[in-house]
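Visitor: First the structure, then my questions, so here it is.
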Amino acid sequence: MASSAAEEVIMSNRRVIMSNRRVILKGHVTGVLTEDDMELVTAAVGIAVPAGSTAVLVKILYLSVDPYMRIRMRNHLEPNYIPDFVPGEVMATLGVSKVVASGHPDFKTGDHVWGMMGCEEYTLVSHPESLFKINHPEFPLSYYIGVLGMTGLSAYAGFFDVAKPKKGDYVFVSAASGAIGQLVGQLAKIKGCYVVGSAGSDEKVNLLKTKFGFDDAFNYKKEQDLNATLKRCFPQGIDIYFENVGGAMLDTVLLNMRIRGQIVACGMISQYNLERPEGIRNLFSIVTKRIRMEGFIVLDYFGTYRKFEEEMAGYIKEGKIACVEDVAEGIENVPAELIGLFSGSNVGKKLVIIAQE
Ligand SMILES: NC(=O)c1ccc[n+]([C@@H]2O[C@H](COP(=O)([O-])OP(=O)(O)OC[C@H]3O[C@@H](n4cnc5c(N)ncnc54)[C@H](OP(=O)(O)O)[C@@H]3O)[C@@H](O)[C@H]2O)c1
């Protein structure tokens, strides 16, 4: 099991972290992300809650690796929805942590929280209002990296609020075995939709059909003619496409949408490692089929988190939602695990154990 290499001492009744391993971005990245773009460093620091501040110091137990981290490694010339990572500084990601010192009245030592933290062993959170306290100790803490955290909320908000599905809708999900895709497919079944998923291996396709209850699934890497495959899976066309990958998949889906169908643009992972995004040729289908295509950013839904959490917790307890996690261990493995998302090495929600309690 992972053990923390950070050194902590008590000085003047305050907990001080003397050394802290962290993953930094070496420089902005263009093209394919490699391990050379990131570095694990041991920072000799004296991290503590400053006297009189409302910051909290957390010990990180689990970190999430997510595709959007690659987007933050670019040097955006236009303002982006989230700040770029700064070369030479610790990267940020979502994590599950334990509070080890607190200057904030709403957080006490021993509380478990999830939210944005550094890619490191300990983080000083200067605005703890952004953290969510973990309300359901009956679930594994790791669920707050996935099904009960940001990815679960993305699936829920994107499917229910953006797509507004109806019973009987024909739903297609790409990257369907991944963190968000597996949940969208199961939410679609709860709603009474017909759902098909695409994934990048036979093992993943099997998981979609046997564990997550998809009506059908295919391995897009094996299909010679994606258009023919979608026509076979959806002879009457697609009502809702939950878009996770972009590129050729989006282009082909456009030809297979029903009139007044909807495309929920959650992400386009196939484009994140490209220096220049690919073009889409079939956009005129949006006109002829009166398609509504709408993007969303999960950050806009954080204010609705507690409502989502209760509903999703209920589904899990009722056995209506299952989740598959892909667990790695050790902060030194964060770079490789992040890179693995772009070749599909993960089966389910990728997370990294950083420390035991
Ligand atoms: N809008 C938002 O607020 C929001 C929030 C979170 C995530 N997202 C987006 O949601 C999508 C899914 O994220 P996730 O966290 O659930 O990741 P994930 O699906 O767990 O992992 C990424 C998966 O994408 C697939 N993939 C990688 N490169 C690909 C390529 N070139 N072509 C096709 N598929 C490829 C791989 O699966 P296969 O083996 O099946 O290829 C890989 O396992 C991403 O696009 C992400 O950026 C959006």
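Glycine is no exception: its Cβ is also placed from the backbone N, Cα and C atoms.
According to TrEMBL, the domain 'Enoyl reductase (ER)' annotation covers 31-352. Per TrEMBL, transmembrane segment is recorded for 40-65, 141-160.
Tell me about the setting of these features in this model.
Guide: Within the same chain, residues 61-64, 66, 94-96, 112, 114, 132, 134, 179-181, 183-184, 187-188, 191, 240, 242, 264, 266, 296, 298, 300-302, 304-305, 308-309, 311-313, 316, 321, 323, 325, 327, 348-349, 351 sit at least 6 positions outside the transmembrane segment (141-160) and bring their C-beta atoms closer than 8 Å to a C-beta of that stretch.
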Visitor: Give the mean pLDDT for the domain 'Enoyl reductase (ER)' (31-352) on the 0 to 100 scale.
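Guide: Overall, the domain 'Enoyl reductase (ER)' (31-352) comes to a mean pLDDT of 97.
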